[in-house]
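Colleague: Sharing a structure, written as structure tokens. Questions coming.
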Amino acid sequence: MAKGFYISKTLGILGILLGVAAVCTIIALSVVYAQEKNRNAENSATAPTLPGSTSATTATTTPAVDESKPWNQYRLPKTLIPDSYRVILRPYLTPNNQGLYIFQGNSTVRFTCNQTTDVIIIHSKKLNYTLKGNHRVVLRTLDGTPAPNIDKTELVERTEYLVVHLQGSLVEGRQYEMDSQFQGELADDLAGFYRSEYMEGDVKKVVATTQMQAADARKSFPCFDEPAMKAMFNITLIYPNNLIALSNMLPKESKPYPEDPSCTMTEFHSTPKMSTYLLAYIVSEFKNISSVSANGVQIGIWARPSAIDEGQGDYALNVTGPILNFFAQHYNTSYPLPKSDQIALPDFNAGAMENWGLVTYRESSLVFDSQSSSISNKERVVTVIAHELAHQWFGNLVTVAWWNDLWLNEGFASYVEYLGADYAEPTWNLKDLMVLNDVYRVMAVDALASSHPLSSPADEIKTPDQIMELFDSITYSKGASVIRMLSSFLTEDLFKKGLSSYLHTYQYSNTVYLDLWEHLQKAVNQQTAVQPPATVRTIMDRWILQMGFPVITVNTNTGEISQKHFLLDSKSNVTRPSEFNYIWIAPIPFLKSGQEDHYWLDVEKNQSAKFQTSSNEWILLNINVTGYYLVNYDENNWKKLQNQLQTDLSVIPVINRAQIIHDSFNLASAKMIPITLALDNTLFLVKEAEYMPWQAALSSLNYFTLMFDRSEVYGPMKRYLKKQVTPLFFYFQNRTNNWVNRPPTLMEQYNEINAISTACSSGLKECRDLVVELYSQWMKNPNNNTIHPNLRSTVYCNAIAFGGEEEWNFAWEQFRNATLVNEADKLRSALACSKDVWILNRYLSYTLNPDYIRKQDTTSTIISIASNVAGHPLVWDFVRSNWKKLFENYGGGSFSFANLIQGVTRRFSSEFELQQLEQFKADNSATGFGTGTRALEQALEKTRANIDWVKENKDAVFKWFTENSS
């Protein structure tokens, strides 16, 4: 599943400069709302009503839970192994006379008894069963022998089970089949089998679609809903004749539905053995464009008819074939299925989902309009497609046995997405962006004492909430970062060889992460050119089983090199023990006297002449930032690097110019170097035209904005930024012929946006005049938006910030009428840039109205308002006042609460705010925080660190900016 909560490069830059906090650090998904019970009931009553009390899903209640009973344990027992399912589903796309959208289903599951048992335990969630002989299921054997009689069936809500108690025992080795008939709500909760809605003109259209990961296949039909319980699935859908149906496999047969001639019944080919969370089926009025890849795979891009007609699926179609072919070569394994459908959904919780053969996306992650979408939108599409297609092998063909190893699925896909996208767009240098997008973003979280290791013991991850909490930036971005490091020190060829062996060995089955280490080690053992200092497992277990990362410190006078667990707050208490005592085995590529060399640090401290320098030479560690660690030097070497940057910055690689800025600011935050040294590392930016160093600087200085935009420090800080960015602004003004053209490369286009955003936010008059004029021209002629798509987020946000009610209302009207999701996203984010508190308060009230803001976008919109210094107190008051209501009514199991907590607390830097946060925790302890629990602890830790940092650095920072802003 792709990272859910996405902010474009442009919007991310705006966030840095206008106080909009960077909220991409944690994987964030949107608020899941309570089911609507009475909407549109007057329009139609064609769907059946839900059954009465005889088949209600009333849970079995007992005074105390007996944990010894298998149905009270969250993990399935090993007694039964599923072989196959036959599932028939009929979604009703109009509400019944209760006002509910529902679906009806029939399911037959075939399973083998692995251990003798007198109880069948299978997952079921929010399903109403039709009783058959006073029971919810019918059981039989395949060999004709009598099956045990059913004593009773019950639904256990806590563990989400349908439990079948038998009067006798199932026989080990014998196969059985169990039938059930059920109904469920086709709710708009973005989980399981759900509905998505969109407008076509004035007509509301409804889509029936799915999102099974992690534990919601059970909400669609009764199933053994764990990733290791692989089986074959035979899916049949019944739907109106004017619609189309899709599933993981190609249709096998379509025919009129005998009971209703207005409907079609389509049976799909049986799937290979696969996990329940990868199932998908969709009924809609969508259209598609298609092609056949070089390897004979049928490719389809599906979306709303208007989006397809306007060519918004063309780019996705053009890159899908090459990316599929790239991964087939990269894995040395053919694509496992006959077709690859990808579909853009109006309402979708995550960024995308890798359902095998039918990948589902948010519209913004799949559709691209060449006239209205930005280069950032285009990059988003190609990287998310690459991420999801990477999963078709790694995750789908071979699947982790349990969610505690989710990092292997998502971390791997988050790494190779850059390789696949780079293959599709070879001129973009996308692989370099991983340093900014993943390595540096996740370090901000992994440097906290409340972080967690990539891999957890399986018995620590049991409940759906615990599973969902794993979908965070550690899993995705740290996973990607350490796999990138592994591939780098092994070499890509060796890495691919081990990977191919792993996939061939475990195809259609399940693994633990140690299986990958074993196959990579085999590849190492078969050659002699690459010989790490220890086995792959010995090296990598220290990166997988320990939280955090080291700071590598070099003394160029003595040649001493050492490592230490890096903590943003050096006073924080690390309560999680490590069997490795927070010592890592770190590969260290370095540059000295213009020559590259390599070193392994596998102890806490060592000494080598390699790290000693003469009076006129410097050393630079972690070339191209392939290692997942920070680097610190003695003061003398820092000064030499600064002198080099200010005399001839081209001698130092672009990525490492960004690294010098990033690492020094983090070291300063941890009080390992003076804050003024880190600030000195930005002086060379007046001569810098490359994107990565500028972006690293702006990301680092964003923390200063959050800490100081309510204090006197902010004035000289803005003046300094204005001084540094002015040459860059006029450089791009000249390069683009006064903003008429765009620079040729991706990185240049991103830095053009940096230049405009920074210049406007720091008060450069020429920039303000530019954005106000562009926005004014659009307001005069709303049907002719001449603002280039790359610049729209920047122009919209700044014009709204500089303007008032008229500018905001115009943007709101354009947002309401936007037909392209990328344009709507730009406007929705820019609407949070207003400086008028009453406007922001009104906008906040709109966020919980799904007629105004889609539910998938609620969290990101609230966070955008909170990240505006004028809107921050409004949102904090709102969250505190409404937490219980939000948590109980809007889905405690969604990812959004972690992001809400993180987004609202980013500015906290005073004792008063810490007290408020502690009181918030105490006041809501009974309600709980669900998947936001860890985020709350991180917020408390970060707030304490912020308080100390501001106290210690405010005067020095104020003095430095004052002295360097003239």
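Glycine is no exception: its Cβ is also placed from the backbone N, Cα and C atoms.
Keep in mind that what you see is a predicted model, and the values were worked out from it rather than measured.
In case it helps, Swiss-Prot gives these features for our protein:
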TRANSMEM  9-32  transmembrane segment
COMPBIAS  44-64  compositional bias 'Low complexity'
CARBOHYD  Asn106  N-linked glycosylation site
CARBOHYD  Asn114  N-linked glycosylation site
CARBOHYD  Asn128  N-linked glycosylation site
MOD_RES   Tyr176  sulfotyrosine
CARBOHYD  Asn234  N-linked glycosylation site
CARBOHYD  Asn288  N-linked glycosylation site
CARBOHYD  Asn318  N-linked glycosylation site
BINDING   Gly351, Ala352, Met353, Glu354, Asn355  substrate binding site
ACT_SITE  Glu388  active site, proton acceptor
MOD_RES   Tyr418  sulfotyrosine
MOD_RES   Tyr423  sulfotyrosine
CARBOHYD  Asn573  N-linked glycosylation site
CARBOHYD  Asn606  N-linked glycosylation site
CARBOHYD  Asn624  N-linked glycosylation site
CARBOHYD  Asn734  N-linked glycosylation site
CARBOHYD  Asn784  N-linked glycosylation site
CARBOHYD  Asn817  N-linked glycosylation site
MOD_RES   Tyr852  phosphotyrosine
Colleague: Cβ within 8 Å of the substrate site centroid (Gly351, Ala352, Met353, Glu354, Asn355 excluded): which residues?
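Modeller: Residues close to the substrate site, other than Gly351, Ala352, Met353, Glu354, Asn355: Met1, Ala2, Gln213, Ala350, Val359, Thr360, Tyr361, Glu388, His391.
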Colleague: Between Tyr418, Tyr852, which of the modified residues has its C-beta surrounded by the fewest other C-beta atoms within 10 Å?
Modeller: Tyr852
Colleague: Among the glycosylation sites listed here (Asn234, Asn606, Asn734, Asn784), which has the Cα closest to the Cα of Ala352 (substrate binding site)?
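Modeller: Checking each of Asn234, Asn606, Asn734, Asn784 against Ala352 (substrate binding site), the shortest Cα distance is to Asn234.
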Colleague: Which of the three DSSP-derived classes (helix, strand, coil) applies to Asn573 (N-linked glycosylation site)?
Modeller: coil
Colleague: If one looks at the chain holding Met353 (substrate binding site), which residues at least 6 apart in sequence have a CB under 8 angstroms from its CB?
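Modeller: When sequence neighbours closer than 6 are ignored, Met353 (substrate binding site) has Met1, Ala2, Gln211, Gln213, Ala280, Val359, Thr360, Tyr361, Glu388 within Cβ distance under 8 Å.
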Colleague: Using C-alpha positions only, work out which of the binding-site residues Gly351, Glu354, Asn355 is nearest to Asn114 (N-linked glycosylation site).
Modeller: Asn355
Colleague: Around Asn734 (N-linked glycosylation site), how many other CB atoms lie within 10 A of its CB?
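Modeller: Total other Cβ atoms inside 10 Å, all chains included: 9.
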Colleague: For Asn114 (N-linked glycosylation site), just give me the three-state DSSP call.
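Modeller: DSSP call for Asn114 (N-linked glycosylation site): coil, neither helix nor strand.
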Colleague: Taking the Cα atoms as reference points, how far is Tyr852 (phosphotyrosine) from Glu354 (substrate binding site) in Å?
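Modeller: With distance taken Cα to Cα, Glu354 (substrate binding site) is 29 Å from Tyr852 (phosphotyrosine).
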Colleague: Quick check for the class: what is the C-alpha distance, in angstrom and rounded, between Asn128 (N-linked glycosylation site) and Asn606 (N-linked glycosylation site)?
Modeller: 66
Colleague: Would you identify which of the recorded positions Asn106, Asn288, Asn355, Asn606, Asn817 has the most other C-beta atoms lying within 10 angstroms of its C-beta?
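Modeller: In terms of Cβ crowding, the pick is Asn355.
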Colleague: Name the one residue among Asn234, Tyr423, Asn573 whose Cα is closest in three-dimensional space to that of Asn624 (N-linked glycosylation site); these are the recorded positions.
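Modeller: That would be Tyr423, nearest by Cα distance.
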